[in-house]
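Chemist: Please read through the structure below; I'll follow up with questions.
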Amino acid sequence: MTITPQEALQRTIEHREIFHDEMLHLMRLIMRGDMSPVMAAAIITGLRVKKETIGEITAAATVMREFARHVEVEDNANFVDIVGTGGDGSHTFNISTATMFVAAAAGAKVAKHGNRGVSSKSGSADVLEALGVNIDLQPEQVAASIAETGMGFMFAPNHHPAMRNIAPVRRELGVRTIFNILGPLTNPADAPNQLMGVFHPDLVGIQVRVMQRLGARHVLVVYGKDGMDEVSLGAATLVGELRDGEVREYEIHPEDFGMQMVSNRTLKVENAGESRVMLLEALGNKPGVAREIVTLNAGTALYSANVAGSIADGIQLAREAIASGRAREKVDELARFTQQFKR
């Protein structure tokens, strides 16, 4: 028997779990626009208050993937998504976007799934536009971009049209809900490997186990203990790693890789223009904190993509990709390739 929205709401009020098949049904109602905004708002708020379970998040992500416009990638060896939940409040430049260029220059294929800034001063879509990249591509054009340049940016609104049914509710609520953690779980290119940053330490263990249930191959979920949704230079980083079906949780420190622990304060930006400048300086091999944090994250992404056998090996490859100028060249390559699809 299917659950009604009213029954689901009662379940959340009593702090009881909504089971997998029930959650599939509820999410399909939301994504089709068949649930009233009042009930949708009540349920997603109730889930947040009770705390979403791994099973509930897995079911919700499964439905979001069902409704997505997919990008078909033929060869998914060394294929990785580099993404953050956002919402860490750090207002740093776009580290994961810079990481994409370095990882691609070092031999990974990257399908980056992102959006405009909501909580940040500059989302991945904003800085890519500032770099001259056309972000408004159709799924088959993104696939061509990945095949040709080793990189593809999937602008979330183009791939999740059903989200428009819940967008006004989310906007009016103005608080974090399950949808804030679903984005990184719903890559439209189905990248089997992932470096995922999260905004809360509890999400490290949760998100990596959701990815395990969703059938991912090699995933590193990270949370910098200074609050960053990246691998941090300013503190230890909590890691949840899925590899060969097994989950391991551990901490890493910059010193483990011969790097100095240094505050991330200098990485703050006010807008996409400032983010662009800092990103290009890092990729241009300008010594400093920006280059180091991009190197650290790219090394981790290359390990996740199975291009490198360890994070340390990945960092070495990332250093070479930046020093050789290949990482900086990737920016112009992506801009050139995507501009041909300008509508």
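Note that Cβ sites are derived from N, Cα and C of the backbone, with glycine treated the same way.
If you look up Swiss-Prot, you'll see Gly84, Asn115 marked as anthranilate 1 binding site. If you look up Swiss-Prot, you'll see Gly84, 87-88, Thr92, 94-97, 112-120, Ser124 marked as 5-phospho-alpha-D-ribose 1-diphosphate binding site. The Mg(2+) 1 binding site feature in Swiss-Prot is assigned to Ser96, Glu230; the stated evidence is sequence analysis. The anthranilate 2 binding site annotation in Swiss-Prot covers Arg170. Under the heading Mg(2+) 2 binding site, Swiss-Prot lists Asp229, Glu230, citing sequence analysis as support.
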Chemist: Pull out the binding-site residues from the set Gly84, Arg170, Glu230 whose C-alpha sits within 10 Å of the C-alpha of Ser96 (5-phospho-alpha-D-ribose 1-diphosphate binding site).
Modeler: Gly84, Glu230
Chemist: Could you round the CA separation between His113 (5-phospho-alpha-D-ribose 1-diphosphate binding site) and Asp229 (Mg(2+) 2 binding site) to a whole angstrom and send it over?
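Modeler: Given the Cα positions, His113 (5-phospho-alpha-D-ribose 1-diphosphate binding site) is 15 Å from Asp229 (Mg(2+) 2 binding site).
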Chemist: Cα-Cα separation of Thr92 (5-phospho-alpha-D-ribose 1-diphosphate binding site) and Asp229 (Mg(2+) 2 binding site), in Å?
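Modeler: Spelling it out, the Cα of Thr92 (5-phospho-alpha-D-ribose 1-diphosphate binding site) and the Cα of Asp229 (Mg(2+) 2 binding site) are 10 Å apart.
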Chemist: Measuring CA to CA, name the entry from the binding-site residues Gly84, Asn115, Arg116, Arg170 that ends up nearest Glu230 (Mg(2+) 1 binding site).
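Modeler: Answer for the nearest of the binding-site residues: Gly84.
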Chemist: Going by Cα-Cα distance, pick out whichever of the binding-site residues Arg116, Arg170, Asp229 is nearest to Gly84 (anthranilate 1 binding site).
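Modeler: Checked the binding-site residues Arg116, Arg170, Asp229; minimum Cα distance to Gly84 (anthranilate 1 binding site) goes to Asp229.
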Chemist: Would you kindly give the Cα-Cα distance separating Asn115 (anthranilate 1 binding site) and Asp229 (Mg(2+) 2 binding site), rounded to the nearest Å?
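Modeler: Here the two Cα atoms lie 15 Å apart.
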Chemist: Rank the binding-site residues Thr92, Ser96, Asn115 by how many other Cβ atoms lie within 10 Å of each Cβ and give me the one with the fewest.
Modeler: Asn115
Chemist: Once the DSSP letters are reduced so that anything not helix or strand counts as coil, what is Gly84 (anthranilate 1 binding site)?
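Modeler: Going by the DSSP assignment, Gly84 (anthranilate 1 binding site) falls within a strand, counted as strand.
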